[in-house]
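As recorded in TrEMBL, the features of this protein are as follows:
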| type | residues | note |
| --- | --- | --- |
| SIGNAL | 1-21 | signal peptide |
| DOMAIN | 114-261 | domain 'Alpha/beta hydrolase fold-3' |
| ACT_SITE | Ser192 | active site |
| DOMAIN | 305-379 | domain 'Alpha/beta hydrolase fold-3' |
| ACT_SITE | Asp346 | active site |
| ACT_SITE | His376 | active site |
Amino acid sequence: ALLPALLLLLLPLAALAVALATVLLGLPSYDIPPGVNQPAKLRLVLAVLLGTAALGRILEKTGLCSQITFGRYVRQGRKLGVDPKLFIQDRHFNKVPVRVYQPKATSGGRRRGILFFHGGGWVFGSLDTYEKVCRYLSRESESVVVSVQYRLAPEHKYPAAYEDCLHATIHFMNNTEHYGVDPANVIVCGDSAGGNLAAAVSQTLAGRSDLPKLRAQILIYPGLQALDFNLPSYHQNRGVPLLFRERAAFFALQYLNGDALHMQEVLEGSHIPPDMRLKYRKWVSPDNIPEKFKVRGVKPLRPTDFIAEVYETVKRFCEPNLCPLLAEDAIVHQLPESFILTCEYDVLRDDGLLYKKRLEDNGVRVTWYHLEDGFHGVISLYDYCGFSFPAGKRGLDSVVNFLKSL
(Lines of atoms letter the chains of each structure in order from A and count residues from 1; the text may use other names and numbers.)
(Lines give C-alpha, C1' and ligand atoms only; values in the text may rest on other atoms or scores of the structure.)
Protein backbone atom coordinates (compact mmCIF):
# COMPACT_ATOMS: atom_id res chain seq x y z
CA ALA A 1 0.00 0.00 0.00
CA LEU A 2 2.94 2.31 0.67
CA LEU A 3 4.45 2.05 -2.82
CA PRO A 4 1.39 3.27 -4.77
CA ALA A 5 1.14 6.30 -2.47
CA LEU A 6 4.85 7.00 -2.93
CA LEU A 7 4.46 6.68 -6.66
CA LEU A 8 1.76 9.36 -6.76
CA LEU A 9 3.89 11.70 -4.69
CA LEU A 10 6.94 11.09 -6.84
CA LEU A 11 5.38 11.26 -10.30
CA PRO A 12 7.08 14.60 -11.08
CA LEU A 13 10.41 13.02 -10.12
CA ALA A 14 9.60 10.01 -12.28
CA ALA A 15 8.93 12.25 -15.27
CA LEU A 16 12.22 14.04 -14.66
CA ALA A 17 14.07 10.72 -14.34
CA VAL A 18 12.61 9.46 -17.64
CA ALA A 19 13.55 12.75 -19.32
CA LEU A 20 17.10 12.41 -18.00
CA ALA A 21 17.22 8.80 -19.15
CA THR A 22 16.10 9.84 -22.63
CA VAL A 23 18.99 12.29 -22.76
CA LEU A 24 21.31 9.55 -21.58
CA LEU A 25 20.27 7.41 -24.55
CA GLY A 26 22.53 9.54 -26.68
CA LEU A 27 25.58 8.30 -24.80
CA PRO A 28 27.65 5.53 -26.41
CA SER A 29 27.13 3.16 -23.47
CA TYR A 30 23.67 2.40 -24.83
CA ASP A 31 23.73 0.89 -28.27
CA ILE A 32 20.63 0.12 -30.30
CA PRO A 33 21.85 -1.32 -33.62
CA PRO A 34 19.82 -0.52 -36.75
CA GLY A 35 19.20 -4.25 -37.35
CA VAL A 36 17.32 -4.71 -34.11
CA ASN A 37 13.54 -5.26 -34.14
CA GLN A 38 11.56 -1.99 -33.70
CA PRO A 39 14.52 0.22 -32.64
CA ALA A 40 12.35 3.29 -31.94
CA LYS A 41 10.03 1.32 -29.65
CA LEU A 42 13.02 -0.24 -27.93
CA ARG A 43 14.35 3.26 -27.18
CA LEU A 44 11.07 4.09 -25.47
CA VAL A 45 11.17 0.91 -23.38
CA LEU A 46 14.78 1.64 -22.44
CA ALA A 47 13.90 5.21 -21.46
CA VAL A 48 11.21 3.90 -19.10
CA LEU A 49 13.57 1.32 -17.60
CA LEU A 50 16.36 3.85 -17.11
CA GLY A 51 13.91 6.31 -15.59
CA THR A 52 12.65 3.62 -13.24
CA ALA A 53 16.22 2.77 -12.22
CA ALA A 54 17.02 6.46 -11.61
CA LEU A 55 13.91 6.91 -9.48
CA GLY A 56 14.71 3.68 -7.63
CA ARG A 57 18.14 5.04 -6.73
CA ILE A 58 16.53 8.21 -5.38
CA LEU A 59 14.10 6.18 -3.24
CA GLU A 60 16.94 4.02 -1.93
CA LYS A 61 19.08 7.02 -0.99
CA THR A 62 16.16 8.58 0.88
CA GLY A 63 15.63 5.30 2.74
CA LEU A 64 12.02 4.87 1.51
CA CYS A 65 12.61 1.52 -0.20
CA SER A 66 15.37 -0.36 -1.98
CA GLN A 67 15.97 0.06 -5.69
CA ILE A 68 15.26 -3.64 -6.25
CA THR A 69 11.92 -3.47 -4.35
CA PHE A 70 10.85 -0.49 -6.45
CA GLY A 71 11.96 -2.21 -9.66
CA ARG A 72 9.90 -5.28 -8.80
CA TYR A 73 6.84 -3.14 -8.12
CA VAL A 74 7.10 -1.31 -11.44
CA ARG A 75 7.64 -4.54 -13.37
CA GLN A 76 4.61 -6.27 -11.88
CA GLY A 77 2.33 -5.44 -14.77
CA ARG A 78 -1.39 -4.91 -14.52
CA LYS A 79 -3.78 -7.71 -13.57
CA LEU A 80 -5.43 -9.34 -16.56
CA GLY A 81 -9.11 -10.22 -16.73
CA VAL A 82 -10.67 -13.65 -17.10
CA ASP A 83 -9.46 -15.66 -20.09
CA PRO A 84 -12.46 -17.29 -21.82
CA LYS A 85 -10.30 -20.18 -23.05
CA LEU A 86 -8.43 -21.04 -19.85
CA PHE A 87 -8.98 -22.18 -16.28
CA ILE A 88 -6.39 -20.34 -14.18
CA GLN A 89 -5.71 -21.11 -10.54
CA ASP A 90 -3.01 -20.32 -7.99
CA ARG A 91 -1.70 -23.33 -6.08
CA HIS A 92 1.33 -24.47 -4.08
CA PHE A 93 3.46 -27.37 -5.29
CA ASN A 94 5.59 -28.65 -2.42
CA LYS A 95 5.25 -25.21 -0.73
CA VAL A 96 6.30 -23.38 -3.92
CA PRO A 97 3.69 -20.88 -5.26
CA VAL A 98 2.59 -21.74 -8.81
CA ARG A 99 -0.09 -20.65 -11.27
CA VAL A 100 -1.74 -23.38 -13.33
CA TYR A 101 -3.21 -22.65 -16.79
CA GLN A 102 -5.54 -25.33 -18.21
CA PRO A 103 -7.33 -25.10 -21.58
CA LYS A 104 -11.13 -25.25 -21.20
CA ALA A 105 -11.64 -27.06 -24.49
CA THR A 106 -12.13 -30.79 -24.24
CA SER A 107 -9.14 -32.86 -25.23
CA GLY A 108 -9.10 -36.18 -27.05
CA GLY A 109 -6.41 -37.48 -24.72
CA ARG A 110 -4.08 -36.37 -21.99
CA ARG A 111 -2.36 -33.07 -22.63
CA ARG A 112 1.28 -32.11 -22.51
CA GLY A 113 2.42 -30.28 -19.37
CA ILE A 114 4.86 -27.37 -19.30
CA LEU A 115 6.75 -26.14 -16.25
CA PHE A 116 7.58 -22.48 -16.95
CA PHE A 117 10.36 -20.67 -15.08
CA HIS A 118 10.36 -16.90 -15.63
CA GLY A 119 13.31 -14.65 -16.39
CA GLY A 120 14.48 -11.53 -14.60
CA GLY A 121 18.07 -12.25 -13.58
CA TRP A 122 16.91 -14.33 -10.59
CA VAL A 123 16.14 -10.91 -9.02
CA PHE A 124 13.01 -9.70 -10.83
CA GLY A 125 9.94 -11.38 -12.31
CA SER A 126 6.76 -12.92 -10.95
CA LEU A 127 3.68 -14.91 -11.92
CA ASP A 128 1.97 -11.64 -12.90
CA THR A 129 4.91 -10.40 -14.97
CA TYR A 130 4.73 -13.48 -17.20
CA GLU A 131 0.94 -13.85 -17.21
CA LYS A 132 0.57 -12.92 -20.91
CA VAL A 133 3.36 -15.25 -22.01
CA CYS A 134 1.98 -18.22 -20.06
CA ARG A 135 -1.58 -17.65 -21.26
CA TYR A 136 -0.32 -17.50 -24.83
CA LEU A 137 1.67 -20.73 -24.50
CA SER A 138 -1.24 -22.57 -22.88
CA ARG A 139 -3.86 -21.37 -25.41
CA GLU A 140 -1.82 -21.74 -28.57
CA SER A 141 -0.19 -25.09 -27.78
CA GLU A 142 -3.28 -26.46 -25.94
CA SER A 143 -1.05 -27.43 -23.01
CA VAL A 144 -1.30 -27.27 -19.24
CA VAL A 145 1.21 -24.63 -18.16
CA VAL A 146 2.54 -24.35 -14.61
CA SER A 147 4.25 -21.01 -13.94
CA VAL A 148 6.61 -21.27 -10.96
CA GLN A 149 7.21 -18.42 -8.50
CA TYR A 150 10.64 -19.34 -7.22
CA ARG A 151 12.33 -17.36 -4.47
CA LEU A 152 14.27 -14.33 -5.69
CA ALA A 153 17.78 -13.04 -5.01
CA PRO A 154 19.39 -11.24 -3.26
CA GLU A 155 17.14 -12.20 -0.33
CA HIS A 156 17.33 -15.86 -1.34
CA LYS A 157 20.67 -16.89 -2.74
CA TYR A 158 21.62 -19.91 -4.86
CA PRO A 159 20.44 -22.66 -4.75
CA ALA A 160 17.01 -21.38 -3.56
CA ALA A 161 15.59 -20.64 -7.04
CA TYR A 162 16.94 -23.90 -8.48
CA GLU A 163 15.56 -25.94 -5.57
CA ASP A 164 12.11 -24.33 -5.86
CA CYS A 165 11.94 -25.11 -9.58
CA LEU A 166 13.16 -28.67 -9.02
CA HIS A 167 10.68 -29.35 -6.18
CA ALA A 168 7.74 -27.88 -8.14
CA THR A 169 8.67 -29.98 -11.19
CA ILE A 170 8.92 -33.23 -9.21
CA HIS A 171 5.59 -32.51 -7.49
CA PHE A 172 3.92 -31.94 -10.86
CA MET A 173 5.46 -35.08 -12.37
CA ASN A 174 4.09 -37.08 -9.46
CA ASN A 175 0.60 -35.58 -9.83
CA THR A 176 0.05 -35.26 -13.57
CA GLU A 177 -3.22 -37.21 -13.41
CA HIS A 178 -4.85 -34.37 -11.42
CA TYR A 179 -4.34 -32.06 -14.41
CA GLY A 180 -5.09 -34.45 -17.27
CA VAL A 181 -1.43 -34.45 -18.31
CA ASP A 182 0.46 -37.31 -19.91
CA PRO A 183 3.37 -38.13 -17.54
CA ALA A 184 5.51 -38.98 -20.58
CA ASN A 185 4.93 -35.51 -22.07
CA VAL A 186 6.23 -33.06 -19.46
CA ILE A 187 8.49 -30.22 -20.63
CA VAL A 188 10.58 -27.69 -18.69
CA CYS A 189 10.76 -24.22 -20.22
CA GLY A 190 12.24 -20.86 -19.25
CA ASP A 191 13.65 -17.62 -20.58
CA SER A 192 16.93 -15.97 -19.53
CA ALA A 193 17.48 -16.85 -15.84
CA GLY A 194 14.48 -19.16 -16.23
CA GLY A 195 16.29 -20.89 -19.10
CA ASN A 196 19.22 -21.42 -16.74
CA LEU A 197 16.86 -22.98 -14.18
CA ALA A 198 15.17 -25.18 -16.80
CA ALA A 199 18.57 -26.48 -17.97
CA ALA A 200 19.68 -27.18 -14.38
CA VAL A 201 16.43 -29.00 -13.52
CA SER A 202 16.64 -31.00 -16.73
CA GLN A 203 20.19 -32.11 -15.91
CA THR A 204 19.23 -33.10 -12.35
CA LEU A 205 16.30 -35.20 -13.54
CA ALA A 206 18.23 -36.81 -16.41
CA GLY A 207 19.61 -39.56 -14.22
CA ARG A 208 16.52 -40.18 -12.09
CA SER A 209 14.97 -43.63 -12.52
CA ASP A 210 12.10 -43.03 -10.08
CA LEU A 211 10.38 -40.46 -12.32
CA PRO A 212 9.20 -40.42 -15.94
CA LYS A 213 11.78 -38.86 -18.25
CA LEU A 214 11.19 -35.26 -19.29
CA ARG A 215 9.91 -35.08 -22.88
CA ALA A 216 11.88 -31.92 -23.72
CA GLN A 217 13.58 -28.78 -22.48
CA ILE A 218 12.93 -25.33 -23.97
CA LEU A 219 15.66 -22.74 -23.32
CA ILE A 220 14.86 -19.19 -24.44
CA TYR A 221 18.02 -17.01 -24.56
CA PRO A 222 19.38 -18.82 -21.48
CA GLY A 223 22.31 -17.72 -19.33
CA LEU A 224 24.33 -20.90 -18.84
CA GLN A 225 27.79 -19.95 -17.59
CA ALA A 226 29.64 -17.31 -15.55
CA LEU A 227 33.23 -18.22 -16.42
CA ASP A 228 33.67 -15.99 -19.44
CA PHE A 229 31.96 -12.63 -19.88
CA ASN A 230 34.22 -11.92 -22.87
CA LEU A 231 32.73 -14.26 -25.44
CA PRO A 232 32.01 -12.56 -28.80
CA SER A 233 28.36 -11.80 -28.03
CA TYR A 234 29.31 -10.10 -24.74
CA HIS A 235 31.48 -7.62 -26.62
CA GLN A 236 29.27 -7.16 -29.67
CA ASN A 237 26.14 -6.52 -27.62
CA ARG A 238 27.60 -5.09 -24.42
CA GLY A 239 25.48 -1.93 -24.64
CA VAL A 240 22.34 -3.38 -26.25
CA PRO A 241 19.18 -3.40 -24.11
CA LEU A 242 17.55 -5.04 -22.36
CA LEU A 243 20.59 -6.79 -20.85
CA PHE A 244 23.94 -5.03 -20.73
CA ARG A 245 27.17 -6.96 -20.20
CA GLU A 246 27.72 -5.50 -16.72
CA ARG A 247 24.16 -6.38 -15.70
CA ALA A 248 24.67 -10.01 -16.71
CA ALA A 249 27.55 -10.27 -14.23
CA PHE A 250 25.62 -8.23 -11.64
CA PHE A 251 22.65 -10.63 -11.75
CA ALA A 252 24.84 -13.75 -11.59
CA LEU A 253 26.59 -12.39 -8.50
CA GLN A 254 23.31 -11.38 -6.86
CA TYR A 255 22.05 -14.94 -7.35
CA LEU A 256 25.28 -16.51 -6.10
CA ASN A 257 26.21 -14.27 -3.17
CA GLY A 258 23.40 -11.77 -2.64
CA ASP A 259 25.70 -8.89 -3.60
CA ALA A 260 27.64 -7.66 -6.62
CA LEU A 261 31.09 -7.42 -5.04
CA HIS A 262 34.01 -8.20 -7.36
CA MET A 263 31.88 -7.53 -10.45
CA GLN A 264 34.80 -5.91 -12.27
CA GLU A 265 37.13 -8.83 -11.59
CA VAL A 266 34.46 -11.27 -12.79
CA LEU A 267 33.95 -9.25 -15.99
CA GLU A 268 37.70 -9.27 -16.60
CA GLY A 269 37.94 -13.01 -15.99
CA SER A 270 40.32 -12.97 -13.03
CA HIS A 271 37.92 -15.05 -10.91
CA ILE A 272 38.76 -18.43 -12.48
CA PRO A 273 42.06 -20.30 -11.91
CA PRO A 274 44.11 -20.88 -15.09
CA ASP A 275 43.97 -24.69 -14.76
CA MET A 276 40.18 -24.60 -14.42
CA ARG A 277 39.85 -22.23 -17.37
CA LEU A 278 41.92 -24.68 -19.39
CA LYS A 279 39.75 -27.61 -18.25
CA TYR A 280 36.54 -25.92 -19.36
CA ARG A 281 37.97 -24.46 -22.56
CA LYS A 282 36.64 -27.46 -24.50
CA TRP A 283 33.12 -26.22 -23.70
CA VAL A 284 33.45 -22.47 -23.02
CA SER A 285 35.51 -20.99 -25.82
CA PRO A 286 35.08 -18.57 -28.75
CA ASP A 287 36.55 -21.38 -30.90
CA ASN A 288 33.22 -23.20 -30.56
CA ILE A 289 31.23 -20.24 -31.90
CA PRO A 290 30.57 -20.38 -35.67
CA GLU A 291 32.59 -17.78 -37.56
CA LYS A 292 29.50 -16.04 -38.96
CA PHE A 293 28.71 -14.80 -35.45
CA LYS A 294 32.06 -13.03 -35.16
CA VAL A 295 31.83 -10.79 -38.21
CA ARG A 296 30.57 -7.77 -36.23
CA GLY A 297 33.99 -7.53 -34.62
CA VAL A 298 35.32 -9.08 -31.45
CA LYS A 299 37.85 -7.58 -29.07
CA PRO A 300 40.69 -9.95 -28.20
CA LEU A 301 40.63 -10.83 -24.52
CA ARG A 302 43.27 -8.96 -22.57
CA PRO A 303 45.00 -11.47 -20.27
CA THR A 304 44.24 -10.79 -16.61
CA ASP A 305 45.90 -12.09 -13.51
CA PHE A 306 44.04 -14.67 -11.47
CA ILE A 307 42.96 -13.38 -8.03
CA ALA A 308 42.59 -16.26 -5.57
CA GLU A 309 40.56 -14.22 -3.03
CA VAL A 310 37.94 -13.46 -5.67
CA TYR A 311 37.75 -17.12 -6.71
CA GLU A 312 37.08 -18.09 -3.08
CA THR A 313 33.93 -15.93 -3.12
CA VAL A 314 32.61 -17.21 -6.48
CA LYS A 315 33.91 -20.78 -6.80
CA ARG A 316 30.35 -22.16 -6.87
CA PHE A 317 30.12 -20.69 -10.38
CA CYS A 318 31.72 -24.01 -11.36
CA GLU A 319 28.70 -26.01 -10.15
CA PRO A 320 26.51 -27.23 -13.04
CA ASN A 321 23.32 -26.46 -11.07
CA LEU A 322 24.38 -22.82 -11.32
CA CYS A 323 26.19 -22.96 -14.67
CA PRO A 324 24.69 -25.87 -16.67
CA LEU A 325 27.17 -25.48 -19.54
CA LEU A 326 29.79 -27.06 -17.25
CA ALA A 327 27.96 -30.38 -16.73
CA GLU A 328 29.91 -33.52 -17.56
CA ASP A 329 29.21 -35.37 -20.82
CA ALA A 330 27.78 -38.32 -18.88
CA ILE A 331 24.89 -36.06 -17.82
CA VAL A 332 24.54 -34.10 -21.06
CA HIS A 333 24.10 -37.17 -23.26
CA GLN A 334 21.08 -38.24 -21.16
CA LEU A 335 19.22 -34.96 -21.72
CA PRO A 336 15.87 -34.89 -23.53
CA GLU A 337 15.12 -33.39 -26.91
CA SER A 338 15.88 -29.67 -26.73
CA PHE A 339 14.75 -26.37 -28.18
CA ILE A 340 17.09 -23.37 -27.93
CA LEU A 341 16.16 -19.85 -28.95
CA THR A 342 18.91 -17.25 -29.37
CA CYS A 343 18.86 -13.59 -30.36
CA GLU A 344 21.53 -11.91 -32.48
CA TYR A 345 21.62 -8.73 -30.37
CA ASP A 346 21.94 -10.42 -26.98
CA VAL A 347 24.96 -10.80 -24.69
CA LEU A 348 23.72 -14.32 -23.86
CA ARG A 349 23.61 -15.41 -27.51
CA ASP A 350 26.84 -17.38 -27.28
CA ASP A 351 25.78 -19.22 -24.10
CA GLY A 352 22.94 -20.69 -26.18
CA LEU A 353 25.20 -21.45 -29.16
CA LEU A 354 27.77 -23.21 -26.95
CA TYR A 355 25.10 -25.34 -25.28
CA LYS A 356 23.58 -26.20 -28.66
CA LYS A 357 26.99 -27.57 -29.74
CA ARG A 358 27.41 -29.50 -26.48
CA LEU A 359 24.02 -31.12 -26.80
CA GLU A 360 24.56 -32.02 -30.46
CA ASP A 361 28.05 -33.38 -29.72
CA ASN A 362 26.39 -35.69 -27.16
CA GLY A 363 23.74 -36.96 -29.57
CA VAL A 364 20.85 -34.88 -28.20
CA ARG A 365 18.34 -33.74 -30.79
CA VAL A 366 18.24 -29.92 -30.89
CA THR A 367 15.81 -27.57 -32.61
CA TRP A 368 17.46 -24.14 -32.83
CA TYR A 369 15.61 -20.92 -33.60
CA HIS A 370 17.64 -17.74 -34.08
CA LEU A 371 16.01 -14.30 -34.14
CA GLU A 372 18.27 -12.30 -36.47
CA ASP A 373 16.64 -9.06 -35.29
CA GLY A 374 16.03 -10.20 -31.70
CA PHE A 375 17.35 -8.72 -28.45
CA HIS A 376 17.37 -10.02 -24.90
CA GLY A 377 13.91 -10.04 -23.32
CA VAL A 378 12.01 -9.67 -26.61
CA ILE A 379 9.65 -12.60 -25.84
CA SER A 380 8.08 -10.83 -22.87
CA LEU A 381 7.63 -7.69 -25.03
CA TYR A 382 5.62 -9.43 -27.75
CA ASP A 383 2.59 -7.43 -26.56
CA TYR A 384 3.86 -4.64 -24.33
CA CYS A 385 1.85 -1.66 -23.07
CA GLY A 386 -0.16 -1.20 -26.23
CA PHE A 387 2.60 -1.78 -28.78
CA SER A 388 4.12 -5.00 -29.98
CA PHE A 389 7.52 -6.35 -30.98
CA PRO A 390 6.94 -8.75 -33.91
CA ALA A 391 10.22 -10.56 -33.16
CA GLY A 392 8.83 -11.50 -29.75
CA LYS A 393 5.70 -12.95 -31.34
CA ARG A 394 7.83 -14.87 -33.86
CA GLY A 395 9.91 -16.27 -31.03
CA LEU A 396 6.87 -17.32 -29.01
CA ASP A 397 5.31 -18.93 -32.07
CA SER A 398 8.53 -20.89 -32.70
CA VAL A 399 8.17 -22.31 -29.16
CA VAL A 400 4.52 -23.18 -29.80
CA ASN A 401 5.39 -24.89 -33.09
CA PHE A 402 8.07 -26.96 -31.34
CA LEU A 403 5.59 -27.98 -28.64
CA LYS A 404 3.06 -29.08 -31.26
CA SER A 405 5.73 -31.18 -32.95
CA LEU A 406 6.34 -33.28 -29.82
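These residue numbers are counts, starting from 1, taken along the chain as shown.
Cβ from N, Cα, C; glycine included.
Between the CA atoms of Asp346 (active site) and His376 (active site) there is a gap of 5 Å, rounded to the nearest whole number. For His376 (active site), the same-chain residues lying six or more positions away in sequence with a CB closer than 8 A to its CB are Ser192, Tyr221, Asn237, Val240, Pro241, Leu242, Leu243, Cys343, Tyr345, Asp346, Val347, Leu348.
Using a 10 Å radius centred on the Cβ of Asp346 (active site) and all shown protein chains, the other Cβ atoms total 27. Ser192 (active site) is surrounded by 29 other CB atoms, counting those within 10 A of its CB over all protein chains shown. For the domain 'Alpha/beta hydrolase fold-3' (114-261), the model gives a mean pLDDT of 97.
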